[in-house]
Amino acid sequence: MTTEKINLLDFDRKGLRTFFAEELGEKAFRAEQVMKWIYHFGCDDFDQMNNINKQLREKLKAKCEIRAPYVSEAQHSADGTIKWAMRVGDQDVETVYIPEDDRATLCVSSQVGCALECKFCSTAQQGFNRNLRVSEIIGQVWRAAREIGLEKETGRRPITNVVMMGMGEPLLNMKNLIPALEIMLDDLGFGLSKRRVTVSTSGVVSGLEQMIGQIDVALAISLHAPNDKLRSEIMPINDRWNIEAFLEVVRRYIASSNANRGKVTVEYVLLDHVNDGTEHAHELAELLKGTPCKINLIPFNPYPGSPYKKPSNSRIDRFQKTLMQYEHTVTIRKTRGDDIDAACGQLVGDVIDRTKRTKAKQFDGQAIPVKTL
């Protein structure tokens, strides 16, 4: 019988130190040496770790592995965006690299599929299968960094920012999300600034409550409607946690956070003649008066079978100008990678849907009926 090896990508620094001490009988600094090899040098071969003694290397080879998701398919957009299908077990999630003049952002998935059933999102139409492990979340960053490193001659910019805006709802996977974020921020990990790591949530109030005082990163909230009636129609999660409850915990999080500089990013997808009217803009502006924020408008990115359309440029422009009358900071997200279905709301992966085979899903020990999400 073969014993499954321990994947070291599943540990943040604290967990790795504990594992080395309790399971390997090694001093903590050895764990930190190995962690530096993994993340600073992209190393997954213990034999290449030349400042680690041979006895420990042999012990690591016998008991451990460094295994990130692998790229099963890569698609390149005309604008430089790359979408990778990352293989996790017997399924794929999608990870997107978005280069810009002054940064390169990696959009990372947190779940295989999504259970939230937002009506305008392609991922939601795939159903939900499972949460990703720490190694499968941070492994997307590790693999992407290696892929970009292999293309140095192309002049591709190294990853400077990570956004948890891929497939899934990050705050329904807190057990694995928090250690992955810790590795992104850790100097022995990817060493990213907390202002360059963003978690986006559709309104999981219980998860955001847990984040207060536990992890400090930039926050983006998927609001997408100015009132509960409309939001519940397009985002069923609103029936569980309404806008008032959502914004209340958002205000508390940003008050406790240095990463957000006192403001949260409010994401608002514009759906033609659904939530993009002038009356919606006025209502949204009034709603957000008590919440320090910047508003990011996202023109809808179509996908096959969707009942929604992207608004005309004139409607988008009018919506933005109406919000700006209230002295809100308002930007319009530039669509990137839509020619390879890598834009916001278009990620689908390869998901074996399990939501239709069970009445409830278990998220971090809490049973949440799918129909009430």
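Glycine is no exception: its Cβ is also placed from the backbone N, Cα and C atoms.
Owing to the predicted nature of the structure, the values given are computational and were not obtained by experimental measurement.
As recorded in Swiss-Prot, the features of this protein are as follows:
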ACT_SITE  E94  active site, proton acceptor
ACT_SITE  C344  active site, S-methylcysteine intermediate
BINDING   C114, C118, C121  [4Fe-4S] cluster binding site
BINDING   G168, E169, S200, S222, L223, H224, N301  S-adenosyl-L-methionine binding site
DISULFID  C107-C344  disulfide bond
DOMAIN    100-339  domain 'Radical SAM core'
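Feature map: Swiss-Prot annotations on the structure.
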residue: E94; record: active site, proton acceptor; CB count, 10 Å: 24
residue: C114; record: [4Fe-4S] cluster binding site; CB count, 10 Å: 28
residue: C118; record: [4Fe-4S] cluster binding site; CB count, 10 Å: 22
residue: C121; record: [4Fe-4S] cluster binding site; CB count, 10 Å: 26
residue: E169; record: S-adenosyl-L-methionine binding site; CB count, 10 Å: 28
residue: S200; record: S-adenosyl-L-methionine binding site; CB count, 10 Å: 21
residue: S222; record: S-adenosyl-L-methionine binding site; CB count, 10 Å: 23
residue: L223; record: S-adenosyl-L-methionine binding site; CB count, 10 Å: 27
residue: H224; record: S-adenosyl-L-methionine binding site; CB count, 10 Å: 26
residue: N301; record: S-adenosyl-L-methionine binding site; CB count, 10 Å: 23
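In sequence order, G168, E169 are the binding-site residues from G168, E169, S222, L223, N301 with a C-alpha within 10 Å of the C-alpha of C114 ([4Fe-4S] cluster binding site).
Contacts of G168 (S-adenosyl-L-methionine binding site) defined by a Cβ separation under 8 A and a same-chain sequence distance of 6+ are given as V93, S109, S110, Q111, V112, G113, C114, T123, F128, N131, L132, in order along the sequence. Among the recorded positions listed (E94, C118, C121), C118 has its Cα nearest to the Cα of L223 (S-adenosyl-L-methionine binding site). Same-chain residues at least 6 positions away in sequence with a Cβ under 8 Å from that of C107 (disulfide bond) are, in sequence order, T95, V96, Y97, I98, V163, M165, G166. Along the domain 'Radical SAM core' (100-339), the predicted structure has mean pLDDT 94.
You'll find the Cα of S200 (S-adenosyl-L-methionine binding site) roughly 14 Å from the Cα of C121 ([4Fe-4S] cluster binding site). Cα-Cα distance from S222 (S-adenosyl-L-methionine binding site) to C121 ([4Fe-4S] cluster binding site): 12 Å (rounded to the nearest whole number). The DSSP secondary structure for E169 (S-adenosyl-L-methionine binding site) is coil.
Here is what falls inside 10 Å of the CA of N301 (S-adenosyl-L-methionine binding site) among the recorded positions E94, C118, C121: C121.
Recorded residues C121 ([4Fe-4S] cluster binding site) and E169 (S-adenosyl-L-methionine binding site) have their alpha carbons 12 Å apart, per Cα-Cα distance.
H224 (S-adenosyl-L-methionine binding site) sits 10 Å from C118 ([4Fe-4S] cluster binding site), taking the Cα positions as reference.
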